Each structure stands twice: as structure tokens, then as C-alpha cells.
């Protein structure tokens, strides 16, 4: 949990950079000073990241890893380049960041550095074997502690306590009361996600059976203590709420659909480099589409429901009923969309 908390002070400082606190108190003056130092702090982050990458390349065994170091250095180089305005202006042509915003730059730099570290770890270490052999076995409190920093980062990132009150923060995150048709759409999407992930899992068993077994072993160790209803509910709710709030709610409107989905897939390191992580990326794109065309609440319902379905499973016996239920949900969503006020107004346009 501790590594996930490290970026939080920088996120708060970035908010002070874009909206310096007013007043004559020493706390406001200190916040303004920290906010004005943001670019120097980001430069320090990239410097430390680069030094770590270099150290990894020259360290004595077993710490030495050329691949890990190169991955970190490549990401650090890109992050350092993004500190310059012209580079961010070019980036703004493909992702919806504000090139002049220190807050957007902070999010972009942190995500790029994170991707470098996570990719380097996957390429240099057999993550699946290590997890299956000696990795942690999570309990409900572990899951909550692992997911909660995502939620905190999301709210701090959009300026809760610094730039926005709670209501405005919820609006910025897309945490709105969903319409009835959006709820049914989310439930239908969860069923489609389950069918897709099941197909990918079957394909993985055929094309890469040894890798599929390693993924299964790693996840059995990681989540094996969470196979009861309370554990499944914890995974479904904690991951669905916290991850959607950060990735779809806070990051996607600034970093765009593809980069946010890449980051989402990367943090699911328990799948290694496999077809399963490709499935996670595709599901992230679909959740992002739900966020784009509805709101984060709809994506959250889909994510929570999907996690619950994966946890409880759908056996062959219930497959016909599941297919019928999926069709009914789609019809309900479509019908409510076109008969409701929101659907009618959109159709009229």
C-alpha cells in the first residue's frame, strides 16, 4: 500500500500549482510556494527514476537487470521530454490534455514513469512464477488497502479540498446518478465482458497452455483466500469503485482512452504478459467507452458486476438462462433509452 501513497503529496502540490491558495496565512503561503515548485519536483522525479534505471543496469547481481534498466530509462526520457511545453503541445494533439496545465503534466509524467517500471518488471522477471511461488495471498483488508489509494488519488487529483467542493468533484469524476437505461446497459455490458474473457481464457488454454496455467497458479495464490461470498464481494466492490473512479473518472478525460487503458492493464500485473492482460486492455477500452458515452457510474456498475460474475462463475447449467438474461438486459436498455427523456432528446437531435 505504501508505494501507492507516494504520489499523493505531488498530486496535491499540482493542484496548488493550477489554483494557488489565497490568503495571508503561513499555510497558504507554503502551499503557494510548493505549487510554484511543481516543475522542479517533476524534474526531480524524472531524475530519481533515471538514476534508478542506471543503477539497475550496473548493480551487482542479482539486482542487475539490463532490460529493466532500459525500460525505466526509456520511460524516464519520455517523461523528461514531457516537461517541455512544445512536447506537451504535440502530445495534446493526440490526447486531451491541457498543455499549459501543471496538473495534467503531473498525471502524464507519473503514468509514463509507472508504465516504464511495470513493463520493465514484466520483461525482466518471471512475475507469474514468483507470484505463484512466494507472492502475497490477499485477504479482504489487503484488497481494500490496495485499492483505496486509487480512490484517494482520484479525488485529490480533481481538486477535492484544494480546488473543488465535494459536489463539483463528483461531477468532474463522472460519478452521477445513472438513468435506468444506463444501469441495464452496465449489467448487459458485464455479461458481454464475461463472455469475452471466457473466450480469451479458452483461447489461451489452446494457444499457450503452459502460460495459461502459470496465470491460473499466480491468481490462485493471490486471490485464493477470497473465494467465499464476502471475499468476492470485497474484490468486486473495492476494485470496481476505486479503479473506475481513478482510471475512468479522473484520468481518462485528461489522458484519453488508449493511454488510460494501457495504464489500467499495466497495473494488473498478476496476468503477466499473456492473452489475459490483452483481454484486460480490451475490457478497459470498453469501460472507457461506457464512461465516454454515459458516465463513470455506469462503468463502475459494469466493473463491479463483471468482477462478481467472475468470482461466482456461470456454470454450463446456467448458460441458457444467462444468454436469455443478457438479451433481456439489452432490450431493456435500448427500450428505456428510446422511451426515456434522455433517449428521446438525443434521438430528436
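Cβ coordinates are placed from backbone N, Cα and C, and glycine is handled just like the others.
Under the heading domain 'CAAX prenyl protease 2/Lysostaphin resistance protein A-like', TrEMBL lists 232-309. Positions annotated as transmembrane segment by TrEMBL: 37-59, 65-84, 105-123, 143-162, 183-207, 271-290, 321-339.
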Recorded stretch that, among 37-59, 143-162, 183-207, 321-339, has the most CB pairs under 8 Å to the transmembrane segment (105-123):
37-59
Give me the stretch from 37-59, 143-162, 321-339 with the greatest number of Cβ pairs under 8 Å to the transmembrane segment (183-207).
321-339
In the predicted model, what is the mean pLDDT computed over the domain 'CAAX prenyl protease 2/Lysostaphin resistance protein A-like' (232-309)?
97
Which residue counts does DSSP give the domain 'CAAX prenyl protease 2/Lysostaphin resistance protein A-like' (232-309) for helix, strand and coil?
71 helix, 0 strand, 7 coil
Who are the chain neighbours of the transmembrane segment (37-59) in space, where the CB to CB distance is under 8 Å and they lie at least 6 residues beyond its ends?
10, 13-14, 16-17, 65-66, 68-73, 75-77, 79-80, 83, 102, 105-106, 109-110, 113, 116-117
